[in-house]
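In what follows, a single structure is set out as structure tokens and then discussed.
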Amino acid sequence: MPRTVSDGGEDFDGDVSSQTGSHRHTDSNSTHHHHGYKVGFPPARGLFAEFADGVKETFFADDPLREYKDQSRSKKLWLSLVHLFPVLDWARSYKFSMFKGDFIAGLTIASLCIPQDIGYAKLAFLPAHVGLYSSFVPPLVYAMMGSSRDIAIGPVAVVSLLLGTLLQEEIDPVKSPYEYSRLAFTATFFAGITQAMLGFFRLGFIIEFLSHAAIVGFMAGAAVTIALQQLKGFLGIKKFTKKSDIISVMESVWGNVHHGWNYQTILIGASFLAFLLTTKYIAKKNKKLFWVSAIAPLISVVISTFCVYITRADKQGVAIVKDIKQGINPPSFHLIYWSGPYLAKGFRIGVVAGMVALTEAIAIGRTFAAMKDYQIDGNKEMVALGTMNIVGSMTSCYVATGSFSRSAVNYVAGCKTAVSNVVMAIVVMLTLLLITPLFKYTPNAILASIIINAVVSLVDYETAYLIWKVDKMDFVALLGAFFGVVFASVEYGLLIAVAISLGKILLQVTRPRTALLGNLPRTTIYRNVEQYPEAAKVPGVMIVRVDSAIYFTNSNYVKERILRWLRDEEDQQQEQKLSKTEFLIVELSPVTDIDTSGIHALEELLKALEKRKIQVKYQKLGSELYSY
């Protein structure tokens, strides 16, 4: 008969009569023969060998030194350089035919990133040119060190919001813009150090503690918060709250409704937002027209700037970008706080921003690598992103990472390698050198529209619905992160996301699933009675399955839970006047590991049931793990 495992655990396949017969083992060391096979034990290993194996599996699961075996010294040196700078590997096989795809993709993402960068810099309360600087140096560094072919590097909405929120708690960006920029560069430096160290010490698994559901919720919450922040520029409000929670923002918006809104600004913002959302819809419906939505922000900037310049709408209260500093990145090594109270504050903000940026970049890199069927090394990515931000902090950039909207455009536009990032960086450099003065009359409302348009896609309601269908606990994590960001602040949302993710792990470790098994009619297969209503309990025998490893964290719970199953069963037997339970079979097939606390708990269970004249059998994959 075919055997399918659909209730989350292993089959228990055997004849209960043979398991519960009058024969009972009294010698725990006796060897039990089953189908002619002897139950063996793995060869004994020393403490050091076990410890070394554990360390290897934890930190070097991908066996990074595999390719260095039996190689000459010069070859090993070359492999080390290639490991650090993957460009040395792929550049050798780079063809001109590949450049065409990279060039078109680079131009497309550059047209998208220039208006976005100016907007994101404003979101972080930094000068507009700092946003453009961050799309020039970091992508060049990443192109040499990164292993993803599709990721587009630059400032992103979520990290910009996070930095802006955390930095303005320490320094007022309006009163002290110079000190504020210094703290931003300090935070960027430590964000880079955090990322590089996590990669270097192979601690990439730390970011796995943020569950997918928590990230979806956090991103959606951040998108709503960012969109609300844009109402200042969109409605032309001058006095706007510094808080990011929805209640403060709404109070600020409605408090200014009679005298603070500028209707020319609203007209510009609303008309171009409608245009941007329409192009986005067209691109979604027809994948070949992806360039329409990619180039729409730049077209919007050009048209709106021209309109404002001709009508001199800035004289009627339409807020404009004003001057964007011309020229490429000046060095900023001397601006980083190397001592004093702002060093510690920069470190704290940098660690948080670095981790969030890392989570986003690795998720994006893996998504596109899976689409094109190639592998990216998470630890190598972290070193690349970290180095990129360290260099960026010394060249007047703030935290850059992989942008989902730009990476998606990069992918659809046909990029082949990281050269598309180089093309984008060159276009940004030419913009900084030649055309920044033309952005003087760009209205802030258009930047607000561009950012709202960009963050709409961060609300992934389809995935949220899927999470709701699959795992309600995961959905709670999603909601916790979402409401934390929207109603409190970005860092509270992040804390809630991490706390719920860790709480879920602890819950699964300390409260493993157990199931009561029954016999499927006319078979020797035993299944979970909750999932198989036709599975019948065997009179006088109770079969319980434990669905996880038994450790000190859950051993007591497993013992108590089995006793509770027995108690419930006895109550039912008394009510229905059925025969009493004489045998308990504990099915341990899914138990992959057990420690001394687990063994102790199983022994205690055995003693407790001996007093009640119930025989216990610990069953493991058709052979005894422990026979009593």
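Every residue gets a Cβ built from N, Cα and C, even glycine.
Annotation comment: TrEMBL describes 1-35 as region 'Disordered'.
Here the transmembrane segment (151-168) has Cβ contacts under 8 Å with residues 109, 113, 116-117, 120-121, 123-126, 131, 134-135, 138-139, 142, 180, 183-184, 187, 218-219, 222-223, 225-226, 229, 242, 244, 349, 352-353, 356-357, 360-361, 364-365, 368, 388, 398-404, 406-407, 409-410, 420-421, 424, 451, 454-455, 458, 489-491, 494 of the same chain, all six or more residues outside its ends. The annotation transmembrane segment is assigned in TrEMBL to 151-168 (among others).
Among the features that TrEMBL reports, transmembrane segment is placed at 180-201 (among others). Cβ atoms under 8 Å from those of the transmembrane segment (180-201) belong to residues 59, 124-127, 130, 163, 166-168, 170-173, 207, 332, 335-337, 342-343, 345-347, 349-351, 353-355, 357-358, 378-394, 396-399 of the same chain, restricted to positions at least 6 beyond its ends.
Non-local neighbours of the transmembrane segment (213-231) in the same chain are 123, 157-158, 161-162, 237, 240, 244-246, 249-250, 253, 359, 363, 448-449, 451-452, 455-456, 458-461, 463-464, 467, 471, 474-475, 477-486, 490, 493-494, 497-498, 500-501; each lies 6+ residues outside the stretch with a CB under 8 Å from one of its CB atoms. The transmembrane segment feature in TrEMBL is assigned to 213-231 (among others).
Among the features that TrEMBL reports, transmembrane segment is placed at 260-277 (among others).
The annotation transmembrane segment is assigned in TrEMBL to 289-311 (among others). Tertiary neighbourhood of the transmembrane segment (289-311): same-chain residues 108-109, 111-112, 114-116, 268, 272, 275-276, 279-280, 282-283, 318, 320, 409, 412-413, 438-439, 441-443, 445-446, 449-450, 453, selected by CB-CB distance under 8 Å and a gap of 6+ residues from either end.
The transmembrane segment annotation in TrEMBL covers 347-370 (among others). Sequence-remote contacts of a segment are chain residues at least 6 beyond its ends whose Cβ falls under 8 Å from one of its Cβ atoms, and for the transmembrane segment (347-370) they are 147-151, 156, 158-159, 162-163, 166-167, 170, 183, 186-195, 198, 204, 207, 210, 215, 376, 378, 381-382, 385-386, 389, 399-404, 407, 411, 491, 494.
Sequence annotations record features per position, and here TrEMBL assigns transmembrane segment to 382-401 (among others).
Among the features that TrEMBL reports, transmembrane segment is placed at 421-439 (among others). Listed as Cβ neighbours of the transmembrane segment (421-439) (distance under 8 Å, sequence separation of 6 or more from its ends, same chain) are residues 102-103, 105-107, 109-111, 113-114, 117-118, 128-129, 132-133, 135-137, 139-140, 142-143, 151-154, 301, 305, 321, 323-328.
According to TrEMBL, the feature transmembrane segment maps to 446-468 (among others). Tertiary neighbourhood of the transmembrane segment (446-468): same-chain residues 115-116, 118-120, 122-123, 157-158, 212-213, 216-217, 219-220, 222-224, 226-227, 230-234, 268-270, 272-273, 276-277, 280, 297, 300-301, 304-305, 321, 404-405, 474-475, 478, selected by CB-CB distance under 8 Å and a gap of 6+ residues from either end.
Under the heading transmembrane segment, TrEMBL lists 480-503 (among others). Listed by sequence, the residues of this chain that lie at least six past the ends of the transmembrane segment (480-503) yet keep a Cβ under 8 A from its Cβ atoms are 158, 161-162, 165-166, 209-211, 214-215, 217-218, 220-222, 224-225, 243-247, 352, 356.
As annotated by TrEMBL, domain 'STAS' applies to 531-628. For the domain 'STAS' (531-628), the model's pLDDT averages out at 87.
For the domain 'STAS' (531-628), residue counts in helix, strand and coil come to 37 helix, 24 strand, 37 coil, using DSSP.
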